[in-house]
């Protein structure tokens with residue numbers, strides 16, 4: 001966001017002009033949208049443990065074979081690895097939300113994840129279901145209108161959903 005401000009100021013300075021009303025309005029909108037992003041990321045971060053835990057609980061309720069002997073999340077070590085991976089994915093989704101760009105999610109989290117899971121025998125479809133459950137929970141928490149920046153957040157919530165969808169697709 002600061003790069004955008006610096007760019008506008010540099011352009012005006014190069015022309016020896018004050019910032020125009022149009023430029024100020026665009027920067028004001030950027031700040032407003034940035035505040036919404038901060039609110040969303042703050043809510044997701046503050047509720048990350050509950051988002052991951054509830055998603056895992058729902059996943060294992062729907063797919064109990066995962067936590068039964070021989071299942072991919074059977075034993076405490078495997079369960080901990082599953083929860084850790086879900087938390088990492090949620091963390092990188094939050095980075096993408098704040099940046100407004102999925103490249104950090106792709107580059108640092110998702111690239112190669114499917115292949116890693118396949119090599120380890122982790123069922124990608126089950127991981128995708130867990131990610132979908134995190135998505136539903138995170139959007140419900142982030143979309144709660146109490147105590148956040150007012151305004152229409154439907155476009156931002158749709159964007160948030162796309163980051164989770166990207167992660168779910170990447171592991172299948």
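In case you wondered, yes, glycine gets a Cβ from its N, Cα and C as well.
Keep in mind that what you see is a predicted model, and the values were worked out from it rather than measured.
Database features (Swiss-Prot):
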{"type": "BINDING", "residues": "35, 39, 149, 150, 151, 153", "note": "(2R,3E)-phycocyanobilin 1 binding site"}
{"type": "BINDING", "residues": "72, 77, 82, 83, 84, 85, 86, 87, 88", "note": "(2R,3E)-phycocyanobilin 2 binding site"}
{"type": "MOD_RES", "residues": "72", "note": "N4-methylasparagine"}
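For residue 88 ((2R,3E)-phycocyanobilin 2 binding site), the same-chain residues 6+ apart in sequence whose C-beta sits under 8 angstroms from its C-beta are 109.
When the Cα atoms are compared, residue 153 ((2R,3E)-phycocyanobilin 1 binding site) and residue 82 ((2R,3E)-phycocyanobilin 2 binding site) turn out to be 31 Å apart. The Cβ of residue 151 ((2R,3E)-phycocyanobilin 1 binding site) has 32, 36 as same-chain neighbours under 8 Å, each 6 or more residues away in sequence. Here the CA atom of residue 82 ((2R,3E)-phycocyanobilin 2 binding site) lies 27 Å from the CA atom of residue 39 ((2R,3E)-phycocyanobilin 1 binding site). Counting Cβ atoms from all protein chains shown, residue 86 ((2R,3E)-phycocyanobilin 2 binding site) has 23 others lying within 10 Å of its own Cβ. Taken residue by residue with DSSP, residue 72 ((2R,3E)-phycocyanobilin 2 binding site) is part of neither helix nor strand, so it is coil.
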